Amino acid sequence: MGTDLRAYQASLRKAVSLSGIGVHTGAEVSITLHPAEPNTGVVFRRILDDGSKVDLPAVVSQVGATDLCTMLGDPAGVHVSTIEHIMAAFSALGLDNVIVEIDASEVPIMDGSARIFIAAIEEAGIEHHLVKRRYIRVKKTVRVEHGGSWAEFRPHEGTRYEIVIDFESKAIGRQEFRDEIDGDVFCAELADARTFGFMKDVERLWASGHALGSSLGNSVVIGDDHTIVNCEGLRYADEFVRHKTLDAVGDLALAGANFIGCFSSYRGGHRLNAIALRALLADPAAYEIVETPVPHAIVYAGDLVAVTGQVYAPWAV
């Protein structure tokens, strides 16, 4: 039968605010999550210095860069970067419609995981609309390769991730995460996994204007001797692959609708995730849009039926 799925769209019950610093910019930033109407999707509303506002829909067609993080908008103009952790939280908890007001160019890193975003959403509460949720069901395998890395979508009755990473560092090595992902699994197995980096890369990143807000309070740092610098150590023995899976959940949320299928990757990252998602959505034969045929709050993947006629498709590439 597959993973249980929510049949109706959802938003927040009330607004909730957070503040922190950008891991790359080092700048202080405040965000407020607002409830939104059905079919709004996730929209990042950038508040500029002059008080004007620019909306950036959270869909893959709006991705402007994937270096070290996922960015929406114009890298040389108005943009919002490092959206992947909060997008993963939205996707995992089934939030379809939300306006994210943000007063700087980067989502705050918080503790480097998705846990604080999950807590904020739970504080605000979730409210379901009487409007059917639509899913993207994978109908055939779509595979992309880049150098020694690859990623693919393939048909599956549920939402499954199979992520493999392979680093030279002995602190990481080869790690795998394979599981069906729903809100409960995400919160228990992935939400606490933090972003990570190598001490040897710090000066290069600083010189390029990245990691200016990185610290041991928001990142797992691997020393030149392949040991974990953070005094508290790891939250999971395989925290690195769990964080890569968290990133993939957030990046693939830019489909504009949750997908039904299996996503697999080997040595992937933000760039490969975006390439794979674009490849899927660029092939109309590779997927179909489905929804529940009957008014039940919870349905299973096998119960959903294809939507006929014109489809509202914010995910189109």
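Each Cβ is built from the backbone N, Cα and C atoms, and glycine gets one as well.
Predicted automatically and left uncurated, TrEMBL annotations should be read as such.
According to TrEMBL, the protein has these features:
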{"type": "BINDING", "residues": "His85, His243, Asp247", "note": "Zn(2+) binding site"}
{"type": "ACT_SITE", "residues": "His270", "note": "active site, proton donor"}
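The Cβ of His85 (Zn(2+) binding site) has 31 neighbouring Cβ atoms from other residues within 10 Å, across all protein chains displayed. Same-chain residues with CB within 8 A of the center of the His85, His243, Asp247 CB atoms, the Zn(2+) site residues themselves not counted, are Glu84, Ala88, Ser113, Ala114, Ala193, Thr195, Lys244, Thr245, Leu246, Gly250. Within 10 Å of the C-beta of Asp247 (Zn(2+) binding site) we count 25 further C-beta atoms, all protein chains included. The candidate set comprises the recorded positions His243, His270. Of these, His243 has the most other Cβ atoms within 10 Å.
The binding-site residues shown are His85, His243, Asp247; of these, the one with its CA atom nearest the CA of His270 (active site, proton donor) is Asp247.
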